[in-house]
Amino acid sequence: SVPNVPSSARGKARASAAVAVAEGPQGRCRKLLEEDGPVVQASKRQRQRYVTKVGKCQVNLGNIQEKKRFLSDIFTTIVDLKYRWFLFVFMMCYIVTWVVFGTVYFFDAWARGDVGHRGDPEWRACIENVDGFVSALLFSVESQRTIGYGSRMVTANCAEGVILLMAQSIVGSMIDALMVGCMFVKISRPKKRAQTLIFSKNCVVSRRDEKLCLMFRVGDLRESHMVDAKIRAKLIKSRQTAEGEFIPLEQSELNLGYDTGEDRLFLVEPQIICHVINRRSPFWDMSAESLRREQFEIIIILEGIVEATGNRDLAAGMTCQARTSYTEDEILWGYRFEPCMSLEKGAFRVDYSRFEMTFEVQTPAASAKELHELEQRERPSLSLYRDHPWQPRAS
């Protein structure tokens, strides 16, 4: 029996079905994405990222009780400071020691009477030409920085002056070793090198070698290459276990060719990194339609050693790490990356203006699992046809 549906409604349904068939799986996928309500689109825009596109981790640590742990590793704590606070600590370390020892020198000269016997040629002063706090401060700076203008000096008339001078020399050497070492490490850290390692803004999903693959592109803008470059990918997704436990932001590994060595890159030209969606992939059940309902984030981590350009002993071991992330709305289903390399006279040329360009290809909207099951169902009929081929009867 046919339900009582107006003819106009049936005509609209037939028209929409005809349009969907004509558009194919890619057209249906785009239509489904366009039909997302404003609430769903707003939630996707407002969702907090775990890692930004430039690689900054959006995780704030709070309520740390044992903050003395940071003081036990003071070197790393100072190096991790922002530049404005690092320069403030750098200056205050010297200024505080100058003022402290200048104050001690002034009180020593005042207690011994050197200030009151200023200009007395018969007075045996402990510190010559220290007649006030400013002159004691100048003597402190000259002693710690080994300037020694010659007008102020410690004499052998007092033992405490010699001890103070020795103590300030030791403290000054320790401050120089700490602060100059921190300054060198902070300046030479290869963190800025990651800014010349770029990632494509979007991931693409299409078939490669008859397998459904998730792909993105990486590139290096410098002519000095990364040594022993490795790439990894993490899937950040919340889930609920069979026992009802909710695991927020669970991390799972995406295989980028670890078993075959494809995760080790010779990053001379832009390369397309491929994740094969197989049974071990967390995207095994994901289709073009279910993609718009998912909420996850893919973290890409590219590591390598900065190529030595000067002293190899200093440059060796400087590891650079570049990060980026992709959310579900930054994955293009049914697209591939356009080639960006061409052959010139005696060399290859990389056109980075085509780094982000993609083009649409025919890709099934079904998941990798559904495609695999479809192939398994079609295989028996194909094998039966091979075993018993059709032969025409002789007339």
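Any Cβ shown, glycine's included, is placed from N, Cα and C.
These come from TrEMBL:
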DOMAIN    51-190  domain 'Potassium channel inwardly rectifying transmembrane'
TRANSMEM  85-107  transmembrane segment
TRANSMEM  162-185  transmembrane segment
DOMAIN    197-375  domain 'Inward rectifier potassium channel C-terminal'
REGION    371-395  region 'Disordered'
Over the span of the domain 'Potassium channel inwardly rectifying transmembrane' (51-190), count residues by DSSP class, listing helix, strand and coil in order.
83 helix, 6 strand, 51 coil
The domain 'Inward rectifier potassium channel C-terminal' (197-375) [mean pLDDT, rounded to integer]:
89
